[in-house]
Amino acid sequence: MTAIVEPSVTTGPIAGSSKVYRELDGVPGARVPFRRVHLSTGDHFDLYDTSGPYTDPDATIDLTAGLPARPGRVRDRGTQLQRARAGEITAEMAFIAAREGMPAELVRDEVARGRAVIPANHNHPEIEPMIIGKAFATKVNANIGNSAVTSSIAEEVDKMVWATRWGADTIMDLSTGKNIHETREWILRNSPVPVGTVPIYQALEKVKGDPTLLTWEIYRDTVIEQCEQGVDYMTVHAGVLLRYVPLTAKRVTGIVSRGGSIMAAWCLAHHRESFLYTNFDELCEIFARYDVTFSLGDGLRPGSIADANDAAQFAELRTLGELTKIAKSHGVQVMIEGPGHVPMHKIVENVRLEEEWCEEAPFYTLGPLATDIAPAYDHITSAIGAAIIAQAGTAMLCYVTPKEHLGLPDRKDVKDGVIAYKIAAHAGDLAKGHPHAQQRDNALSQARFEFRWNDQFALSLDPDTAREYHDETLPAEPAKTAHFCSMCGPKFCSMRITQDVRDYAAKHGLDSEEAIEAAMADKSREFAEHGNRVYLPLAQ
């Protein structure tokens, strides 16, 4: 691989943690990665880890050579869906089961039923297998990629490593500028997580940006090119049909999907049905050869609150359901993309209809944004909707950064977007009762109650920022064991007071409730001794 500027990426463990591996039984050489948080109590807490070898101090990172291939990979034996239907627990399924703390048979069954997907192109051996499905932890995707205006290969590789460091489960390369093929090659060869694309973007570049010049042959060849490189899943806007385009005419924001608008322009120019729709069977055959997963695009998603849940959006969703059945008949894995901009009271309906019309294929949503009024804060407006839709059953959330609607995200924006969406995903998992979700909350809450500040930092999603905020006012090392922070100070800390009550109870052989009553009685006597006065004179 060649690049104009050699990429430089962030490496080394996350603060308070180390990289550990568990050997995978039955797959020689395979090791399942975890982020181990070392607690001051002498215990440890292992977390799901997406950062690849970049947080392993013993790993040799050579971006030009790329990451090593994973052990146990078997090529040319069909798709994960076909093998799951045949009753086989693949090496990827076994890896995922160990990673998720779930039975391997559950992984196989969910894939066989089409309710989960394992994006793992035969030609992308560098990835650590992962699963997207509502029975498992909610995943987060981070979009990166250059534009015609800005960015470089080096910057995009750095963003990929940075996003996975903070928890991105997949990456989408949405490059639309120069060197699309080369940028994607660098990302694929160095990505420990699945990589998705939108092939229509590169196809459009090949016809100099004129949608009317697109053909099925140009698109097909672009898809094959990307399959050969190792792209794991592809967004295909095959549900944008000619007859649906007029349904968007009265919308406030029309068609906001880039892929959707490209296909709508082609349909109107030729007054013919979309070549993605009419050639879908052939597309399935190509995907099946490489085990590429469909991410059926919502090209008519609402781009404003006013357009949410309208006729155009749901007409396309019904068509995506039809295409899901066709893809599965070819043994191809499928997930469904969703909105967009949706007010909170309309969010759950999207999940209900997607599951009904699309045979419970994993739902993958962009937010949704719960309001349109906060440019520069859309990582927050969308995380609100993302948490609600995750609780309702969405399997993967596509992050939104503070730069949404404003510009191309930089490194800081990528981290802010990932963290916001890890919060939303985890909140959704807690609400839907994911079996392992609350363990981390309990560990952090216990550390907080016991004033184990360093443990609180290490268990958090962003240890660096948590420590930075604490140290702005209490930077000294003894403050890391103090029983207060700068918010309440030493006398008004509710947790310190609660601990005092418990200490009182232990000292006097009482339970906490008795201790509270005894302490209140003491204060009552003290009040009487001061003449039942609410206000006492100031001490001289």
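Even glycines carry a Cβ here, placed using N, Cα and C.
Between the candidates His122, His124, His237, Swiss-Prot assigns the substrate site shared with Asn143, Met172, Tyr201, Ser257, Arg258, Gly259, Asp298, Gly299, Leu300, Arg301, Glu337, Tyr364 to His237.
When the Cα atoms are compared, His341 (Zn(2+) binding site) and Arg301 (substrate binding site) turn out to be 8 Å apart. Within 10 Å of the C-beta of Gly259 (substrate binding site) there are 23 other C-beta atoms, taking all protein chains into account.
Here His405 (Zn(2+) binding site) is compared against the binding-site residues Asn143, Tyr201, Gly259, Gly299, Tyr364, and the shortest C-alpha distance is to Asn143.
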